[in-house]
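Notes for the one structure printed next.
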Amino acid sequence: MTKFSSFSLFFLIVGAYMTHVCFNMEIIGGKEVSPHSRPFMASIQYGGHHVCGGVLIDPQWVLTAAHCQYRFTKGQSPTVVLGAHSLSKNEASKQTLEIKKFIPFSRVTSDPQSNDIMLVKLQTAAKLNKHVKMLHIRSKTSLRSGTKCKVTGWGATDPDSLRPSDTLREVTVTVLSRKLCNSQSYYNGDPFITKDMVCAGDAKGQKDSCKGDSGGPLICKGVFHAIVSGGHECGVATKPGIYTLLTKKYQTWIKSNLVPPHTN
């Protein structure tokens, strides 16, 4: 895993830069989904432990958050688990695949908070079936304030707990304007929510993404619009979840890596 070790120092630096921000998201205030009803979901793991979420966008590619990589240390062999509902049960639908390489967005080094997106290439292609399916990126417009969206993940249901949920859960959040998110009473520019980011949460702070589900999808009206990135604390109304918006520049970058899809 030479590719993995070559990034270890960089992501330790990025990790230190992001320590004041909760960048390992989970689901707060949601409910368990029907088993295998979200067949595009991926669990990125090491040693059998869930680290981050992800989305299968091609049989050999998973989309996730770039900061997830710094959680691995030299010598570890991370894997991707597809077709799961329960993390602990021995489900016949599960496929555990080795990771060939991580490809963070090219400008993540210069601006890690606003370019928190990464491709994960699998060693072998996933076998698509009713439990393992791709989620295509079709987002063409920005998200308007007030839009209702769903976030899915295996994160903890209690913001004070570090234990992930054993089963896949989902919560509905509301998109907030960048002006509000960057205001003094919200994030006050730390981090600054750019046009490549969006924040979403709940007016009462009871619904949020928080620890353990970074890289999972934000789906609005059936369209895959963004991935979970971070946020201060968990379930706090004035510190809503932060998401990397799948803007044109990211979609172009993704396509450039996937086409031709299996020759790298």
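The backbone N, Cα and C atoms fix where each Cβ goes, and this holds for glycine too.
Annotation source Swiss-Prot lists active site, charge relay system at H67 (among others). Look at H67 (active site, charge relay system): DSSP puts it in a helix.
Within 10 Å of the C-beta atom of D116 (active site, charge relay system) sit 30 other C-beta atoms, taking all shown protein chains into account. If you look up Swiss-Prot, you'll see D116 (among others) marked as active site, charge relay system.
If you look up Swiss-Prot, you'll see S214 (among others) marked as active site, charge relay system. Summarising the environment of S214 (active site, charge relay system), the number of other Cβ atoms within 10 Å of its Cβ, over all protein chains shown, is 31.
Taken from Swiss-Prot, the feature disulfide bond covers C52-C68 (among others). According to DSSP, C52 (disulfide bond) is assigned to a strand segment. Around the Cβ of C52 (disulfide bond), the number of neighbouring Cβ atoms within 10 Å comes to 31.
The disulfide bond feature in Swiss-Prot is assigned to C149-C220 (among others). Within the same chain, the residues at least 6 positions away from C220 (disulfide bond) whose Cβ sits under 8 Å from its Cβ are L143, T147, K148, C149, K150, V175, listed in sequence order.
In the shown protein chains, 26 other C-beta atoms lie within 10 A of the C-beta of C181 (disulfide bond). Residues annotated as disulfide bond in Swiss-Prot: C181-C199 (among others).
Residues or ranges marked as disulfide bond by Swiss-Prot: C210-C234 (among others).
If you look up Swiss-Prot, you'll see 27-259 marked as domain 'Peptidase S1'.
Residues or ranges marked as signal peptide by Swiss-Prot on the basis of sequence analysis: 1-24.
DSSP classifies S214 (active site, charge relay system) as coil under the three-state reduction. By the criterion of other Cβ atoms within 10 Å of the residue's own Cβ, the least surrounded of the recorded positions H67, C68, C149, C199 is C149. H67 (active site, charge relay system) sits 17 Å from C199 (disulfide bond), taking the Cα positions as reference. Here the CA atom of D116 (active site, charge relay system) lies 10 Å from the CA atom of S214 (active site, charge relay system).
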